[in-house]
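Asker: For reference, TrEMBL lists these features for the protein:
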type    : residues      : note
DOMAIN  : 7-121         : domain 'Tetrahydrofolate dehydrogenase/cyclohydrolase catalytic'
DOMAIN  : 140-281       : domain 'Tetrahydrofolate dehydrogenase/cyclohydrolase NAD(P)-binding'
BINDING : 166, 167, 168 : NADP(+) binding site
Ligand SMILES: Nc1nc2c(c(=O)[nH]1)N[C@@H](CN(C=O)c1ccc(C(=O)N[C@@H](CCC(=O)O)C(=O)O)cc1)CN2
């Protein structure tokens, strides 16, 4: 058995970002500069890191950006008022409210308030509905990144059996819909699924987003299958681990994503791509 190819989210991100930077340069000739507003409420340390990385990506690519850091005690009404203001602000084409929010703020109320055309997270019910019926929409960043990584293996998705482990609204469900859109035959597994290893090991493409460190070992994997690990679990040691036991699985799988350096970097790159797209659309371009 030859060694599995590592699908590097970092490397793919760099390639995509080069293309985005070129488009930003072109748009600047028409006085258009993509603008992203990020709203961060509270003190979650990981969220602060992700938001800083988004800010840096904007800087590197020549986007206009605003980061609104609000205290953890901020009320839902304060966040809604900020979202309203950003909805109306011409220099902002994309709005992202970093999740999770403090418990007293309803995520749904905030997401529903974001203008559909500026919802670069693709979480607004209208964008989700358009994804379900196959209409054009802003796609959620992590799922879009997953599909991009699979496509870049050069292995055809159409006709393949894809198994998605996890059914969250922000990863599992949209990934399954996007795989169906690419004409895969999709099976979804979740915490109540019986004989999960048996089902997973029939997959040509296995996407794991279940939130349990190193849960998926080689017994879940068909030899040669593409394995995409969306998990991001902080261990007591401080190390980051995926949901897939990378060391054992890479011995049987085909192309496989690492954690870190896999799906994570793609999430931010797809956010930049969505913001660019939103900026073009809001300026009557496509
Ligand atoms: N509004 C949103 N909130 C959250 C989202 C989202 O897509 N929209 N996703 C996650 C957090 N996230 C982006 O916001 C994100 C998580 C991780 C990474 C990343 O690059 N991870 C690195 C490792 C970083 C580390 O060491 O901690 C990697 O995997 O290599 C990027 C973005 C939840 N909230």
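Every residue gets a Cβ built from N, Cα and C, even glycine.
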Asker: Residues near the NADP(+) site, 166, 167, 168 excluded, by Cβ within 8 Å of the Cβ center?
Answerer: 164, 165, 169, 171, 172, 173, 188, 190, 209, 210
Asker: For the domain 'Tetrahydrofolate dehydrogenase/cyclohydrolase catalytic' (7-121), DSSP counts of helix, strand and coil?
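Answerer: Final tally across the stretch: 60 helix, 19 strand, 36 coil.
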Asker: Determine the most Cβ-crowded residue among the binding-site residues 167, 168, using a 10 Å radius around each Cβ and all protein chains in the structure.
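Answerer: Per the Cβ count, the most surrounded site is 167.
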Asker: Averaging the per-residue pLDDT over the domain 'Tetrahydrofolate dehydrogenase/cyclohydrolase NAD(P)-binding' (140-281), what integer do you get?
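Answerer: Mean pLDDT for the domain 'Tetrahydrofolate dehydrogenase/cyclohydrolase NAD(P)-binding' (140-281): 97.
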Asker: What are the DSSP helix/strand/coil residue counts across the domain 'Tetrahydrofolate dehydrogenase/cyclohydrolase NAD(P)-binding' (140-281)?
Answerer: 52 helix, 25 strand, 65 coil
